[in-house]
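Chemist: This is the structure, below, for whatever I ask next.
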Amino acid sequence: FFSGLTAMEKKLAEYKCNTNEAIQLKLVRFPEDLEDDNTTFNPEYSHQVFGDDEVAFGYKGLKILLYYIAGNLSTLFRIEYTSKVNEKFDCVEADDVESKIREIIPPGFCTNTDDFVSLLEKEVNFKPFGMLLHTYSIHNEEAGEDITYQIYKADMTCPGFREYHERLQTFLMWFIETASFIDVDDERWNYFLVFEKYNKDGATLFATVGYMTVYNYYVYPDKTRPRVSQMLVLPPFQGEGHGAQLLETVHRYYMSSPTVLDITAEDPSENYVKLRDFVLVKLCQDLLCFSPVKLMQGFSQEMVMEAQQKLKINKQHTRRVYEILRLRATNMGDAEQSRSYRLDVKRRLIGPYKKKQRELAKMRRCLRPEEMTNQLNQIDLNLQREQLEESFQQLVSDYRRVLERLAQA
């Protein structure tokens, strides 16, 4: 009676493609990169463009090629497939993949390889935008040499930067789950860009590595509070330490400004929090208020003041830095020291629970007889202890990772 899929449904199922696999991205330096599969990478997300299923319907062997010239990000956009459903015979219509991509990439892209390669020859003229803030080098095992990177601060008054930024921000859609494009006409945005220097036929060229956008909020009466909005290191460069270099450079840039109060972040991801922990602990570890003796005396107003005035770090982040540095100064094998540390951190963690507890108690006074309340509170407390212990253990393991990275830095 139920024979599974009809022949028609089976046929149509073959015309579904996973868009995270279909989209092929490249950062091209040399013409031979076009044919080299090792230079291809794929999106982590495509739901903002292709819907929650991340599927394009109507094609077999679909490839959506989005190739960028490594420096100025001039774009090649092409669609290839082995076959496509036909409205006449199959009575269904294929998704309009092209217009979906056109919605997020700016106009002026190439559609054929020859045009793209001739643009590639002009890439030698591309120079980074804005003001150079920091130069650093990282040893590359594969190349067997040190590679030099530079971080620049740019704004919309730099010639060509507006168009470049339009191309750059398209990467957000593929690598940040809830990405959105920003209003570049708002002058309170700052842009920080990372470039790699590389050689090609004896000339020095620049390749885009990643970037960060920061919004300067006004704080009464005469201060600003920069808030990190977006940060992306492009996949070929991830895991090399560029994020930490970028965040530290941005902190140092704002540290020198007397009008900046402190730096925050908008809706930070887990990875960003780990990165920030590392950078802030690195910056703070040499402050006098974080000496081992003072750490053992507990979190103090002095730490809050010094971290904010010297390093533009807000109170909440300073507290995390204190907990991480105190863990380093604590002998967790010593029962007394370990107990003292555990209590100190849990006292902070329990804050939100206590607030919830008070709210629940209020509700129950209205809803339930007295004896119920006590029983429920008891159950809650046991659950709360478990959750608290779990949060504490998770935190300590995160903190240890920060300290390991610090020891290697």
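Including glycine, each Cβ sits where the backbone N, Cα and C put it.
Features from TrEMBL:
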- 15-177: domain 'Histone acetyl transferase HAT1 N-terminal' (DOMAIN)
- W189: site 'Interaction with histone H4 N-terminus' (SITE)
- E266: active site, proton donor/acceptor (ACT_SITE)
- 276-327: domain 'Histone acetyltransferase type B catalytic subunit C-terminal' (DOMAIN)
Chemist: For the C-alpha pair, I'd like the distance in angstrom between the residue listed as 'active site, proton donor/acceptor' and W189 (site 'Interaction with histone H4 N-terminus'), rounded off.
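Modeler: The separation of the Cα atoms works out to 14 Å.
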Chemist: May I ask which residues of the same chain, at least 6 positions away in sequence, place their Cβ under 8 angstroms from the Cβ of W189 (site 'Interaction with histone H4 N-terminus')?
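Modeler: Sequence-distant Cβ neighbours: D155, M156, I182, D183, T213, V214, Y215, N216.
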Chemist: Summarise the domain 'Histone acetyltransferase type B catalytic subunit C-terminal' (276-327) by DSSP state, stating how many residues are helix, strand and coil.
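Modeler: Secondary-structure breakdown of the domain 'Histone acetyltransferase type B catalytic subunit C-terminal' (276-327): 41 helix, 1 strand, 10 coil.
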Chemist: Other than its own, how many Cβ atoms are within 10 Å of the Cβ belonging to E266 (active site, proton donor/acceptor)?
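Modeler: Around E266 (active site, proton donor/acceptor), other Cβ atoms within 10 Å: 12.
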